[in-house]
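Report on the structure given below.
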Amino acid sequence: MLKIVNVKRVGSDAEEVLFVDGDKILGWNLAVDADVTLDGGGGTIVPALIELHAHLREPGQEEKEDLASGLAAAAAGGYGTVVSMPNTSPVVDDPAIVRQLAEKAARLGFARLRPAAALTKGQQGKELAELALLKDAGAAMFTDDGRTNEDARVLRLGLEYASSLDMVVSVHAEDATLRADGVMHEGEVSEALGLPGNPAEAESARVARDIEIARLTKARLHVQHLSTARALDLVRRAKADGVPITCEVCPHHLTLTHEHLRGFDAQYKVAPPLRTSEDAAALLRGLSDGTVDAVGTDHAPHTSSEKERDLLTAPFGIPSIEVAFPLMYTRFADTLGLQKLVDLFTSGAARVMGWDAPTLEPGAPADLTILDLDTERAVEPSTFRSKAKFSPWAGEVLRGWPTLTLVAGRVAFQRGA
Amino acid sequence: MTRSLLDFADWTAEQVQAIFDTADVMHEVLARPVKKVPALQGMTICTAFFENSTRTRLSFELAARRMSADVVTFAAGASSLSKGESLRDTIETLNALGVDAFIVRHEASGAAHLVNKYSAKPTINAGDGRRAHPTQALLDAYTLREKFGSLEGKKITIVGDVRHSRVARSNAELLPMLGASVTLCGPATLLPKELARRGVTLTTDVNEAVKGADAVMALRLQRERMNAGYLGSLEEYAATYQVNEALMERARDGAFVLHPGPMNRDVEISGSLADSPRALIVRQVENGLAVRMSVLYHLLVGRGA
């Protein structure tokens, strides 16, 4: 039995006590004895955050990240559950790999791991992977993320097959031919810098196609990391039409723009690229009006030396799993409110995955996070649990840092510990 | 004076004028029997060429040697990065060897900025991706100034593959600063509309572009552009956009012709026009040496020019 004293619930100033029995929540403010007491420090307690889009790089690219560093980083970011992307080496398209990942993660005891599996063999976009066996092995969703699904018929078949398994398919929605060799948003800045551009329409054209395929198949389609106002508007209209579609946005697309690339710093190189301030504002409106279902980080760790290359050869990706919530809270709590923000990181992500919404009610899994909404602290990449010790927000002073993350009743992260 | 020459973003017309004035002096040096001055004696200049370019490298190396600098050359194909060594590691290694200044050519836009960031030494951009080739623009402007006296009010037209041209981008930065107007012209696929700004107009109509021009610069057209789908054929390009005698009829009487080289004769420029007295192509190369000597002098020796 564990009790957490001196915590508040969202929207309340009352100090309360939460009791945890084993891996379940027992209840609030009970008159029972606990073996262990944790002091919440007056923080706000919420269900542990759910990350539906992280690159943990294992197997095959452990120099960038591995399960231990990635899941520890996730717990430090307040996450209790992480959906990992399958674009590893080898690709997660084999039920044995899904099992290995899940078993290793369970031994580590940081955040829970729910591996996503590839939709197609080798993520080649040609033949469907063994979707039924992958689901049996524990795959949480199917995606060829990191690749774009160029063959519309294969995506159709994948959606139909996944739908029969009651599984969601998520897509990196970019027309690869229109994107071409673009390394940043195509526009005034890319031309001024002399860098090949990736037009906003590469995303909206592909989202338009995928909406039609979802309409055709009536299968659940999730669009990852939307970056443009146009594509978001297409999703908004598709939802109004009743198309079973969900979407996520990433903290970097909300807080950074293509203007940040003017210093030629490859830390800002990401796919889809940082767009205009108008796009970022439209994405924020999408969060407010419910068009956007969840915030996913697209945490994409790389080695520092890779990111010190020039913008043509540096890899795409921004690591953010440890700063996502405080960043979003500091920038947007006034606009969105705390409850909405927490929902985007918890119940919204669960809805995308087809999971029950997490709660702090008796009987629910003891996955919870305490947030310190008051103390200001600068982003210090050298302290990251992630192997990626760099951040475009380095030095930025944020509030809303997680101080404790409990997963299945175990302490997965405690600040200062 | 700016400590590095990466592009013209933080340069003024007065600073450019100072470069030109010193280039006049360097011309005198180059006319002497002993074409050498001790200005950079004891300094080591590294030409870091991550992308091949014999002509530009020779021009810079000769410029440095004429001023008594030691020159070390780092020549690497694009493969050095794929071997795993980052640009930062490469530059920090060279820096540790005691290099005083870097002259950088790289296929990636912005690479010269990174070299400058990692070395904190004076850096000259000798061409980075599509981004900038400032000494080429300086020698172009210097060559035109030599003919016109001043660039104020002159119309300079640049025809060709503007999209992939660092020469066009640098000229579109520099020439308006010196009072000229620039017209960029090429097929729509090779003419990014975002380049239009004050002093720079875009058109796909080459006849309109050259009309009344005081000078016309042809840009090199690469065969790869056809394979990449930008063009139907080189023949079609030549028939439509070639800078030749007939096209020059529309320009001002006696208008000059430039080309940054190397030329594809009878593709972007007719061979006969390139050999004509109005072509300044050889003079551009000669002036390049004096201009680069001047740039080195100002960055490494000059104070508040």
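Think of each number as a place in line: the chain as shown, counted from 1.
The backbone N, Cα and C atoms fix where each Cβ goes, and this holds for glycine too.
TrEMBL annotations: computationally assigned, not manually curated.
Keep in mind that what you see is a predicted model, and the values were worked out from it rather than measured.
The carbamoyl phosphate site in TrEMBL is built from B:ARG55, B:THR56, B:HIS133, B:GLN136, B:GLY261, B:PRO262 plus one of B:ARG32, B:ARG88, B:ARG105, B:ARG163, namely B:ARG105. Ranked by CA distance from B:ARG166 (L-aspartate binding site), the binding-site residues B:ARG55, B:THR56, B:ARG105 have B:ARG105 at the top as the closest.
Within the domain 'Aspartate/ornithine carbamoyltransferase Asp/Orn-binding' (B:152-299), the DSSP-based counts of helix, strand and coil residues read 62 helix, 26 strand, 60 coil.
If you take the C-beta of B:GLY261 (carbamoyl phosphate binding site) and look for same-chain residues 6 or more apart in sequence within under 8 angstroms, you find B:ARG55, B:ARG220, B:ILE281, B:GLN284, B:VAL285.
Compute the center of the Cβ atoms of B:ARG55, B:THR56, B:ARG105, B:HIS133, B:GLN136, B:GLY261, B:PRO262, which mark the site for carbamoyl phosphate; besides them, the chain residues with Cβ within 8 Å of that center are B:SER53, B:SER59, B:ALA126, B:GLY127, B:VAL167, B:PRO260. With helix defined as DSSP H, G or I and strand as E or B, the domain 'Aspartate/ornithine carbamoyltransferase carbamoyl-P binding' (B:3-146) counts 67 helix, 26 strand, 51 coil. Contact annotation for chain A: of the listed binding-site residues (B:THR56, B:HIS133, B:GLN136, B:GLY261, B:PRO262), none places its CB atom under 8 A from a CB atom of that chain.
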